[in-house]
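Trainee: Feature table excerpt (TrEMBL):
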{"type": "DOMAIN", "residues": "2-119", "note": "domain 'PLAT'"}
{"type": "BINDING", "residues": "17, 80", "note": "Ca(2+) 1 binding site"}
{"type": "BINDING", "residues": "39, 40", "note": "Ca(2+) 2 binding site"}
{"type": "SITE", "residues": "104", "note": "site 'Essential for stabilizing binding to COTL1'"}
{"type": "DOMAIN", "residues": "119-624", "note": "domain 'Lipoxygenase'"}
{"type": "BINDING", "residues": "367, 372, 546", "note": "Fe cation binding site"}
């Protein structure tokens, strides 16, 4: 008689335990055990607890290879998913084998766990493991399928709604409860105040400060107080939620009809625009991606968005100041250059239209497509191409937590019939077109922060905290990835012969950037360095970059006079015709404003089950 001792650990998060029956089968080189119900006296699988069990076999199973775990209902109790952290088996020979799991398991679901170190495809030598690896990938390719709903956008998961997802991909019960509570409380507050659904226009900006009584942050309060300040306007292009568009300007575009005389009053005494460009002190935001983009109809008329150009000057006090704004790409008498010396209303409106187009570009191109939808491509390729024992699966999988669940919600809510992006100035079709344009312009180097910063000439611009902090985090991630990848791929030949790795990068190239060779994305890997760089980019994109673009949305964008995704009136075509009343009439009405603000609070809210990236890195050492 051979005795195997098991230690089964349940995760410590809310609702991780289960009342259901858990069955275990052990597989070794010399045979397998009977299917055994793990059942001690009392409740077995409590959150954060480890239970001890034994499985007896007539003889030793040899080297232990697999553990199969199954979850069956206990009487007629409704589904309660189980989060299994790990199973540790001590063999009769005294070997201790760790079988990491770290996933939710649903009723009727069968999970097969491999023990020991991570293995690449060419390292498996036992027929049982080779068959298991092949069958796992066949099953995963059936479960995770690509769907194409737009030929010019990244492909996505075929799942139609969250209920179809495997348990491990869905929100935890704790997060679902929190999100439901957050949305309900926001809705109740806005309904109680009579703001939700109101079609009335704002009478003054002070009334907007009363949208939320308690949902304020230090930064959102600062924005309310300083939204008219030019230095704060410049600061946001470096350090708010869209630090992706500004670049150094060494020569004015031919369609930007700014003259030396126009901007001379806003430069240091005794200097000129040409001199300041030579010194590297002039920067530009060019919104040509918005040019002639389709917009939605509102009250029988098409809305308008700016496709502007904004010129900035880094002054001697190291403040980035806007010094000229043109709201459309083609210069004309109806497209004047707005200056800080214009009337307050004219200058505020010009900045409002620049900011509003910037918000739309941020949301559609940099936030949704370049983090969320690319993350979904990375995740599906990982699910389809890597078995769970592959070292890169273990390295990547913690960073795709909730990716598919979040994106499914985004498609159904943000881009739904009454979603905040659908009611924006662009509407559903305009947002889609903006994403198409963004993808066609996307390059691999633009997603790699050191190259992105250098390409935009921003290596030395002062007070660029996104760059300073971002490069530190990029380097930390790169160091960690380098350590792991070089451990499992000691030579370039290991990279070339890993067929699963090559299939993974090819799926990303095909389904992410749609096979666009001009993007610079690799379609295959030839060296260890190429793998390190690409995986660094993936992890940075889905963690650091997403946090930079998402977490401050309520902080910087909930104050609508400073910028809104929906503007009712067209951009001004002449100077001296606008007033503060014009600005209020341009902004969304009360109901539209609170819908945007509510969305931003939900998106930016920090939920209690968040896992910081460095905790994820620490956990990976257990996995690997």
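One-based numbering along the chain as shown.
Glycine is no exception: its Cβ is also placed from the backbone N, Cα and C atoms.
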Trainee: Between residue 546 (Fe cation binding site) and residue 39 (Ca(2+) 2 binding site), what C-alpha distance do you get in Å?
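Mentor: Cα of residue 546 (Fe cation binding site) to Cα of residue 39 (Ca(2+) 2 binding site) measures 44 Å after rounding.
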Trainee: Reported in the order helix, strand, coil, what are the DSSP residue counts of the domain 'PLAT' (2-119)?
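Mentor: Going through the domain 'PLAT' (2-119) residue by residue, I get 0 helix, 64 strand, 54 coil.
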Trainee: Of the recorded positions 17, 39, 40, 80, 104, which one sits closest to residue 367 (Fe cation binding site) when you measure Cα to Cα?
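Mentor: Out of the listed candidates, the nearest Cα belongs to 104.
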Trainee: Please report the Cα separation of residue 40 (Ca(2+) 2 binding site) and residue 372 (Fe cation binding site) in Å, rounded to an integer.
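Mentor: So the Cα of residue 372 (Fe cation binding site) lies 44 Å away from that of residue 40 (Ca(2+) 2 binding site).
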Trainee: Take the C-alpha atoms of residue 372 (Fe cation binding site) and residue 104 (site 'Essential for stabilizing binding to COTL1') and report the distance between them in angstrom, rounded.
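Mentor: Counting only the Cα atoms, the answer is 23 Å.
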Trainee: Find, among the binding-site residues listed as 367, 372, 546, the one whose Cβ has the highest number of other Cβ atoms within 10 Å in the structure shown.
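Mentor: Its Cβ has the most other Cβ atoms within 10 Å: 367.
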Trainee: Quick check: of the recorded positions listed here (17, 80, 104), which one has the Cα closest to that of residue 39 (Ca(2+) 2 binding site)?
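Mentor: Going through 17, 80, 104 one by one, the closest to residue 39 (Ca(2+) 2 binding site) is 17.
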Trainee: To the nearest Å, how far is the Cα of residue 104 (site 'Essential for stabilizing binding to COTL1') from the Cα of residue 80 (Ca(2+) 1 binding site)?
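Mentor: About 10 Å separates the two Cα atoms.
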Trainee: Taking the Cβ of residue 40 (Ca(2+) 2 binding site) as the centre, count every other Cβ atom within 10 Å, in any protein chain shown.
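Mentor: Taking every protein chain into account, the count is 9.
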Trainee: Among the binding-site residues 39, 80, point out the residue whose Cβ has the most other Cβ atoms within 10 Å, with all shown protein chains included in the count.
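Mentor: When each Cβ's neighbours within 10 Å are tallied, 80 leads.
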